[in-house]
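Structure first, then comments.
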């Protein structure tokens, strides 16, 4: 064995004995020291690599220095690359800007929205007899306030109330248009009701037909000047009280009606553009109706025009298109009479069809209380035809022969009821621009079919198809003579049907559109440029 080997062996033995001489806590200190040194322990030996680690570290790339980086960045290749990227960036930015300008310039212009008053945005709801509407012995303003929540669910925009003023039958002196009938309530109760209605976003229109309890609604022709003065004073009084509009009925019996209507409309308009005047007439003659409308373009007129002749699709198309063409730019109102119920003029099987019709024609639909549930005018024997008791629940039923599903409560729980249809149509009428103020185009379909398109600018289009007949019919609505902006597609989606059995959302081919008897369809399709 060589001398060097002997020395190494001695060092190994000393290293093996060294841990035995160390205290117990020295082991951890040694481990820490070895970890710091980067070595590993095996059988008491510590392997330390110093020179090799430093050489490896020196060989690793640490990046370019500032001077080296500037030198490389200034080389011709990198300079050309930077200029190319900068040029591409600005060319791309200018291209996107030019594209945006072209899109804006070539995009079709949006039509300017027409001026919309509150009565343009939804239906009006008439309550002429408070006691009959509430179906209780005490039909007063306080009780009517409790039904405002129900009116809110119908999404009507205005309540046509009364007449509720003091009227001594056929006695001008005993009639006070500024005083509320004590049986209905007091001025304070009316003010409270008015405030509650405004909180529900329901406008109140007061009926000021003077002699509503007498033989002639406007007294004698010789008293017309006195009555007209009373009406003018009443308009100013109730406008100051916060009423949103007025209705006067039977204006066909009023001497110089057009002259007085123009004067009364000037009073309401001078107070505020947001005040409404409604005139009612039982006339169905278009010439008489137009003579009344000529007095002022801001007048709503309810009449018996739509109920004048037999029920058929062809006849309804003629009446509607004739009326719209004759009134031109005048805002229309749609009803079947100035005060009566739908059931007084329409068979029960057509009630749903007429609801769809009135809600989708261009203008303001006007309904009487009970129209939403199909209330019959002869619900109670002996009651006046225009004052049937409203059927709220089973307690309102006049007899056991009347079904509970004719009540508000019964229909409220049925998604396929007439009441549910009324609410859905009222909701659609109030939120779709094409139904609010869109253009109207009637289509040629058949003798018992009436169909038309409602459209506005680039908004959703609506197609209404009504079958007034007693038999199933097939409508062919493919090609039509409509303007380009209102042309029909090959298919349209079903929004709702007056017959609950239809599956909503179904895409229907317009070339072969089958309808059941007395069925109405409301379809929609998107605007295509």
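Even glycines carry a Cβ here, placed using N, Cα and C.
Summarising the annotation, Swiss-Prot assigns topological domain 'Cytoplasmic' to 1-84 and lists similarity to another entry as the type of evidence. The annotation region 'Disordered' is assigned in Swiss-Prot to 1-20. Annotation comment: Swiss-Prot describes 2, 65, 307, 309, 426 as phosphoserine. Under the heading phosphothreonine, Swiss-Prot lists 5. The compositional bias 'Basic and acidic residues' annotation in Swiss-Prot covers 7-20. If you look up Swiss-Prot, you'll see 49 marked as ubiquitin cross-link. What Swiss-Prot records for 66 is SUMO2 cross-link. Residues or ranges marked as transmembrane segment by Swiss-Prot on the basis of sequence analysis: 85-105. Per Swiss-Prot, topological domain 'Extracellular' is recorded for 106-529, and the stated evidence type is similarity to another entry. Residues or ranges marked as N-linked glycosylation site by Swiss-Prot: 266, 325, 405.
Positions of the features from Swiss-Prot, shown on the structure.
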| residue | record | Cβ within 10 Å |
| --- | --- | --- |
| 65 | phosphoserine | 9 |
| 66 | SUMO2 cross-link | 7 |
| 266 | N-linked glycosylation site | 13 |
| 307 | phosphoserine | 18 |
| 309 | phosphoserine | 12 |
| 325 | N-linked glycosylation site | 8 |
| 405 | N-linked glycosylation site | 13 |
| 426 | phosphoserine | 23 |
Rounded inter-Cα distance in Å - residue 66 (SUMO2 cross-link), residue 426 (phosphoserine): 75
For residue 325 (N-linked glycosylation site), the one of 65, 266, 309, 405, 426 that lies nearest, given that the recorded positions are compared by Cα: 309
Separation of alpha carbons, residue 426 (phosphoserine) and residue 405 (N-linked glycosylation site) (Å): 21
Residue from 266, 307, 309, 426 whose C-alpha is spatially nearest that of residue 65 (phosphoserine), among the recorded positions: 426
Cα-nearest neighbour of residue 426 (phosphoserine) within the listed recorded positions, 266, 307, 309: 307
Alpha-carbon spacing, residue 309 (phosphoserine) to residue 266 (N-linked glycosylation site), which is rounded to whole Å: 35
